């Protein structure tokens, strides 16, 4: 006969087991919560201290999945889809899914139906601030169809902005930026390359680079306190360590460029002085033409090193003062000034003479010389301006969208500008803040690199012994 344990003893044996299981579950939950909290803290620290690697390894893959999964609905909401007729299985022709009469009436099992088909997305490629993706256009679509819906795409993708940056026959390239990269600019103007300056950053996160050998002449427009003078400071600071000559034409009476005189080879502060310097520069161009012709070279960069002349960068501030006419007695002087500037702009690239023309107001009322000069300045920089005509004359002949973006620049964002010229498209950009003290210190530090103006304008009659 077997022995049975009392019920009370059995109950006392079960209770410790239950308490042990409950403690185990509680410990597991605490461990899971601790792991999640540690993971969240680690992810936050990773994103805060190493945002670039976090974006490439975590953020971008998640965004890629979201964009591809929702693209059909997003394209439909942005009216980018097109109807297509495709073959589909007719449910009414399947047994049990329709009435007998319908089955007899619809004897076919497939039929053509209209569906909304989204444009095909290419491979998303990450950038520092977002991603690029190429979209294949539907028949009948043009790039402007995507330009009109970029704001809708930005909201649908939860990004700061979306722009059409490139187009090819049958496709467009969209650039999405996660946040505004122009809020804080911490780059330095120096690049180390000859005739190259890095004054700020573009909206796609890349450095804003001004390469005079690629785009030789620039037009820089902007109102007071727009950042135009700060950009000139950044350019001077970036060019100061380079073996080049810098010439200043300061029509504000010299208040802008006089502090940088130690690094300048020449400085003109009145219209008469500026006209004289421009005449000298035309003579320099003529002399360099002769040197290249005798050497059989198309430009000075084809000459041997020992015969290559010093590059010259000419900064013109308040260009409107060169073209304003108080009475008819100044007409000849203004015409002479306009002709000299136009000749330098037309011939300077081949002979290493480059222009940066700055002004608060640039309008057709200044005369035909300004319009002709503008056509030779392929690089365009437009800060905030006070009148629409200045923005139109600076950017209107390139892209209407760039003109609208320039008009939208707020007064609270000094240094913000619309830049066109380096890669054939336009960008929002912002120059790094360079104080006058920093620019003056750079001018004094590299004052020994400034060639004497008399040496630059002296005609070299020595024959070339070596050709390029």
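Backbone N, Cα and C atoms are what each Cβ position is placed from, and that goes for glycine too.
Keep in mind the model is a prediction, meaning the values are calculated, not measured.
Some features that TrEMBL has for this protein:
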type	residues	note
BINDING	222, 223, 224, 225, 226, 227, 228, 229	ATP binding site
DOMAIN	205-392	domain 'FtsK'
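Feature annotations (TrEMBL) mapped to structure.
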residue: 222; record: ATP binding site; Cβ neighbours (10 Å): 30
residue: 223; record: ATP binding site; Cβ neighbours (10 Å): 17
residue: 224; record: ATP binding site; Cβ neighbours (10 Å): 9
residue: 225; record: ATP binding site; Cβ neighbours (10 Å): 12
residue: 226; record: ATP binding site; Cβ neighbours (10 Å): 23
residue: 227; record: ATP binding site; Cβ neighbours (10 Å): 25
residue: 228; record: ATP binding site; Cβ neighbours (10 Å): 25
residue: 229; record: ATP binding site; Cβ neighbours (10 Å): 21
Report the mean pLDDT of the predicted model across the domain 'FtsK' (205-392), rounded to a whole number. 89
Can you check what DSSP calls residue 226 (ATP binding site), collapsed to helix, strand or coil? coil
